[in-house]
Structure formats: structure tokens, C-alpha cells
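*Asks:* Before I ask anything, here is the structure I am working with.
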Amino acid sequence: MYASREDIGYDFGDDSKVGSKPIKPNPNIDGGWAWMIVLSSFLVHILIMGSQMALGILNMEWLEEFNQSRGLTAWVSSLSMGITLIVGPFIGLFISMCGCRKTAIIGGILNALGWILSAYASNVHYLFLTFGVTAGIGSGMVYLPAVVMVGQYFQKRRALAQGLSTTGTGFGAFLMTALLKYLCTEFGWRNAMFIQGAISLNLCVCGALMRPLSLKDVSEKYVVRSNSEDNQAKALSHSTETIKSNGVLSEELGKKEEATNEEVLDSIQHIETGGKSRSGRNIHGLRILKTVSQLTVTVRKGFAIWYSSYFGAASLFTNRVFVAFIIWALFAYSSFVIPFIHLPEIVKQYNLSRQNNIFPLTSIIAIVHIFGKVILGIISDLPCISTWNVFLMANFTLVTCILTLPLLQTYVGLAVVCALIGFSSGYFSLMPVVTEDLVGIKHLANAYGIIICANGISALFGPPFAGWIYDITQKYDFSFYISGLLYMVGIIFLLIQPCIQKKQPGEKSTEEAQV
């Protein structure tokens, strides 16, 4: 394991040109407006993730309304939850072109539109398009910026900030479940979805709060981080140094292209100034041309950054630890979702319904999950504690609970294991922090987009796979065992790759070879 989280630092930029002059700390980093960003992200998690956790209320209404099979109807909520995460890499493109604020505002409008259009659904297939796809894409366009902005505004207390913001999922699960149940009872499910669509417009307000940091603020954060990582630079592998050099090359090419585009815009502005005395129509045409040129420059620059992150010389996939992180994400999320789906049936099978009705096991997971995110965030921010090691220990605890849960047949035993599942799954708040440590803040949006895409695939296909296993074996035990073993495979990948990445004795890095 790593001794500190800086040991897995993986930056694509060249910080060697950054001077060592003392930098005045910016009040917006780890304080000031940064806490408004946390509030915004907290509300986003309530409105998006909380609403998705409460879709069981609407699922019952859809079953009664459309008289379709449970499997077909369940795909509506599965599509919404899966697409929210799967579109992550493409949302990274929007962030590169438009920024987090505009992306989140557009996503808020799209999410609200999906809810409102779903109120007029005539069949389940209509809901696939309006709620599953439209609202799902809108949710993804708000969710990713909410996570990325917290990473941009925090340096010393990143894990705590992410933990506080992601607790909105737990609070939202309780609030939105109660709200949707009340709205469906009082006004019917169609009006409930219409009202929920109006409430979702508050996502636009959350997006408006995502004020971007100035270039000066970002550079100051880079200086602080690069100074703290200088002592660990020799521990980086040869592949890391290669990516750094490639990243610098792509940045230089980008600067040349940007300079060329600026020359074009300046020439257009010059022609516009000279044309004022000629014709008003020509001036109007030149202004349109200038606007289109500026938009083209923005789109090309954003697409170049997005493309280089995935397919260019500085591709994220050349980082072996990050690739192992993706493989882990493919198996991890379903192991957390499956207990929520199968626990009620297990309780019924063991005749524990009376105790479970008093205090449901799924509620135990949800409540402890909130505290787990905050506590693990506080622990990870301690100077002597490694975020990477806390992340791995939480994963080991969770996979152990998943494998042992089918062996327990008493309510007390199941309650203890569910509490451990809820606490250890608090590592979700550490995922953006670990991702940022692996790839750097510049590539956080694209990298985390890939991670949540892998989680989305796991959430989309994991529960149906578990149901298929039950249909074959007529036992829920094998669903936990198979998902737990696949989860363990992902954890093993996380353990093996860092060992491969470590430099062998006597091996020289690229910088040392050049010297």
C-alpha cells in the first residue's frame, strides 16, 4: 500500500516551470465560496440521487397504471439511474467546452423537462424515452459538474468536502421518498411527476452557484500541490514521465492553435472597426462571423482537450492504476445495489418480517451510510492517513460483509452486517479524491466521467444479472457470492497495479536519464 496519497499522484501537466515564489493563499480555496459549492453539490445529490433512490414509489404506480411485467417496468428506473452515470465521459466533453456552470444549468432544464413530459406518458415505452433517457441525461449533466467543482475548490479538506456533499444522497432518499409518496396519494402520480419536474428546476439554481475559479486561482492551487509532491517525484514510474512529456507537447500544440485563432478573431475585429464607415449591413455580418468564430474556437478547444484525454498522446488509459480503477468500478457498484434489492426477500424467507417492519435493514444501511461518508472523509484528511489506504480498507470491509451476509439468519446479525455495509460504502465520497490523486485536477472531469460510467454499467446490468442467477439456482445466496467474488477481483487489480507501477531498484526515470 502507499504511504501517502501523494504517492499515487499522476499529473499530466509540466509543473517544472512553476516558480517557487510564496503564493498568497486564496480565500476561496478550502473556504469562502468553496462551502457554497459544497451546499450546491449537496442539493444536487438530494434532487438527483435522492429522487432515484425513491423511484420505487413511482414504480408501483406504473405497474398499476400500465399493467406491464415487473421486469419491463423496472427498466424505466434502471435506465434513468444507469444513463445518469454512463453518460459521464460525454458530459466531460460539455464541461471542456462550456464549463461546469453552463453544463449544470442545461442539465437542470433537461432533467425537469424529462419529469414533466413523463407526466403525459401513455405507456411504459414512452417513459423509456422521457424519463429514462431525457431525465437521465439531464441528471448526468448536473451530477458530474457537482462533483468536479468540489474537487476544484478544495485542497486540504477534499475528502471531508466530498463526504459532506454526497450525504445528500442519504438525506434525499428519505426526503424524496416521503415527498413522492405524499404527492402520489394527494394528487396522483402524473401530477406528482409534474410537481417534481418543477422542483427539479432548482438544479439550475445549484448550477448557477458553481462559480468557476479564475485562472490565477487554479494556478495557485497547482503550485501548492506541485510543491507538496516534489519529494515523491522520483517514485513515479517511467510511464508516468512519458505521459507528462506527451501532455506538455499537446499543451504546446493547443497554445499554438489558440494563438492562431486569436489572430483570426483580431483580424475580424479590425475589419469590423474599419467597416463601420462603410455599411451597417457589413458590420452586422462581421459581428455574426465573429460570434461564430469564437464559438468554433471554444468547441474545437474543448473537443481537443476531451479527445486527448481519451485517445491522444496523453490518454488516461496509459495510466495502469487508473485502468485498474476502472475495472474495479465495473464490479463495485452492483455489490452495493444488490442488498437493497434482495434484502426484503431474504427477510421474508427467514421469517423476520416483523422485526424488519419496525426498523428496515435497508434503512440501517442508508442511515449509517451518511455517517460513513463524513467519518471516512475526516479520517482521510488527517495528515498521517493515506486516502488510498482508507479507500482500500473500506472496500475490504464491504466485500467481506457481502460474502458473509447470506450466512446470517437472525435479525441482529443481519442488522450488524448491514450497518457495516452502510459505513464501509461511505468510500463513495473518496472516489473523486482518489481519481484526482491519480490524474490531477485538470483531467478530473474526464477521468471521473469514465469511473461513473463504469459504475453506471454495473448498476444497469448488475441487478438483472443477480435476478438471472436466482432464476437458475432459486437461491439469493449465489447472487451475493458471485457479486462479492467479482468485487474481490476488482480490489485485487487495485492492489496489483500499484506494485507494478513502482520503480524497480536501479531503474532510472526519464528525467534522470536526460540529466
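Positions of Cβ are set from backbone N, Cα and C atoms, glycine also.
Annotation comment: TrEMBL describes 37-502 as domain 'Major facilitator superfamily (MFS) profile'. The transmembrane segment annotation in TrEMBL covers 33-55, 75-96, 103-121, 127-148, 160-180, 192-210, 321-343, 358-376, 388-408, 414-435, 447-466, 478-496.
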*Asks:* Using Cβ distances below 8 Å and needing 3 or more such pairs, separated by at least 6 in sequence, tell me whether the transmembrane segment (127-148) contacts the transmembrane segment (447-466).
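*Replies:* Contact confirmed: at least 3 Cβ pairs fall under 8 Å.
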*Asks:* The transmembrane segment (478-496) vs the transmembrane segment (33-55): three or more C-beta pairs under 8 Å (separation of 6 or more)?
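*Replies:* No, the transmembrane segment (478-496) and the transmembrane segment (33-55) are not in contact.
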*Asks:* For the transmembrane segment (103-121), which partner among 75-96, 160-180, 192-210, 321-343, 447-466 gives the most CB pairs under 8 Å?
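*Replies:* Selected stretch: 192-210, with the most Cβ pairs under 8 Å.
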*Asks:* Would the transmembrane segment (75-96) count as touching the transmembrane segment (321-343), if touching means at least three Cβ pairs under 8 Å and pairs must be 6 or more apart in sequence?
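*Replies:* The transmembrane segment (321-343) and the transmembrane segment (75-96): touching, no.
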*Asks:* If you count every Cβ pair below 8 Å, which range out of 33-55, 160-180, 388-408, 414-435, 447-466 shares the most with the transmembrane segment (321-343)?
*Replies:* 447-466
*Asks:* Using a Cβ cut-off of under 8 Å, list the residues of the same chain at least 6 residues beyond the transmembrane segment (160-180) that approach it.
*Replies:* 34, 38, 41-51, 53-54, 56-58, 146-147, 150-151, 153-154, 192, 196, 366-367, 369-370, 373-378, 380-381, 426, 428-430, 432-433
*Asks:* Other than its close neighbours in sequence, what residues sit by the transmembrane segment (192-210), given a CB gap under 8 Å and a spacing of at least six beyond its ends?
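*Replies:* Those are 36-37, 39-41, 43-44, 47-48, 51, 58, 100-105, 107-109, 111-116, 118-119, 138, 142, 145-146, 149, 179-180, 183-184, in sequence order.
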*Asks:* If you average per-residue pLDDT over the domain 'Major facilitator superfamily (MFS) profile' (37-502), what number do you get?
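*Replies:* Overall, the domain 'Major facilitator superfamily (MFS) profile' (37-502) comes to a mean pLDDT of 78.
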*Asks:* Sequence-remote contacts (6 or more beyond its ends) of the transmembrane segment (414-435), Cβ cut-off under 8 Å?
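*Replies:* For the transmembrane segment (414-435), the list is 5, 8, 147-148, 150-151, 158-159, 162-163, 165-167, 322, 325, 336, 339, 343, 346-347, 352, 359, 361-362, 364-369, 371-377, 380, 387-388, 390-391, 394-395, 397-398, 401-402, 404-405, 408, 444, 447-448, 451.
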